[in-house]
């Protein structure tokens, strides 16, 4: 049976993967209200397509932090991809390069920055948590720089891990044959005592709860790489990110895995975009499963989107070929949405191309009986 959309990959992944692994990737925090809402909120935004526009040629290319990519759809950091497929992050990196887009590598990857770099050329970002031992952070950043990574995506919504009840029930641990490769060959100081199977829980325990804006400033003193602040969902924090020299913002609720009952990212996006005032680009992750979702995010002011779970599920289903297919499907759907909305380039996508549930009656056509 031919796979025709991204959602079908999740069903295949659920069949193929051990329950503990599938649940780790698929679940969210506590009641999982935000997990469902990340998806559902997109359905409360409708299109206002413009017609009789020559859409023979559609240009989806864009420039992110100075790097030209083929489309505004990029790969979000997801941990431990070798649980999904033996090739893990290698496969994802190759698929991203083939699609001409950006891959973000998780610090908690089962392949190291050097291994991912060895797959060949590509524009790659490195996701970073800040640990209690700043020396560990500095070593990770150095390695990412040396491996040719182009930006740091600093995760700021995780002073502690969210309560993911599926993982508690399943007693989630990283399978014994896998390890968090970015922590190999790093002087972990006190962290050395942990064996591999305990390393993932130990590393999680080393995330610094005292992380604050001053650490964003500190990070800029140890690296010249641009820093994207990942996990902003309010105007207040968007303004602070701009003030503290962030190169960009990723509107993210960590795939609904941290604090439940935060808004869907697509609901928080416009507030953040307005607060950033065009001074730095704003990106979105969370719940993007269709090309229509990508268009809606761009219409609300996003410079691009990142996809996470679709990558992991397609990787589990079909390895590198699966990830390539997901990127191609999203690209094709997005191109079709642009054509049917009368937009020939990303700069033509505007707020007037959508009507959201929260818009006032003045901005929405009132149906006459």
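From the backbone N, Cα and C atoms, a Cβ is placed for every residue, glycine too.
According to Swiss-Prot, the feature domain 'FMN hydroxy acid dehydrogenase' maps to 1-359, an assignment based on sequence analysis.
Here residue 1 (N-acetylmethionine) comes close to no residue that lies at least six apart in sequence on the same chain with a C-beta under 8 angstroms from its C-beta. Classification of residue 1 (N-acetylmethionine) by DSSP places it in coil, neither helical nor stranded. Summarising the annotation, Swiss-Prot assigns N-acetylmethionine to 1.
What Swiss-Prot records for 77-79, 106, 127-129, 155, 230, 252, 285-289, 308-309 is FMN binding site. For the recorded site, residue 129 (FMN binding site), the DSSP three-state label reads coil.
Taken from Swiss-Prot, the feature active site, proton acceptor applies to 254, supported by sequence analysis. When other Cβ atoms within 10 Å of the Cβ of residue 254 (active site, proton acceptor) are tallied across all protein chains shown, the result is 23. In three-state terms derived from DSSP, residue 254 (active site, proton acceptor) belongs to a helical segment.
A gap of 13 Å separates the Cα atoms of residue 129 (FMN binding site) and residue 254 (active site, proton acceptor). Cβ neighbour count for residue 308 (FMN binding site) (all protein chains, 10 Å cutoff from its Cβ): 22.
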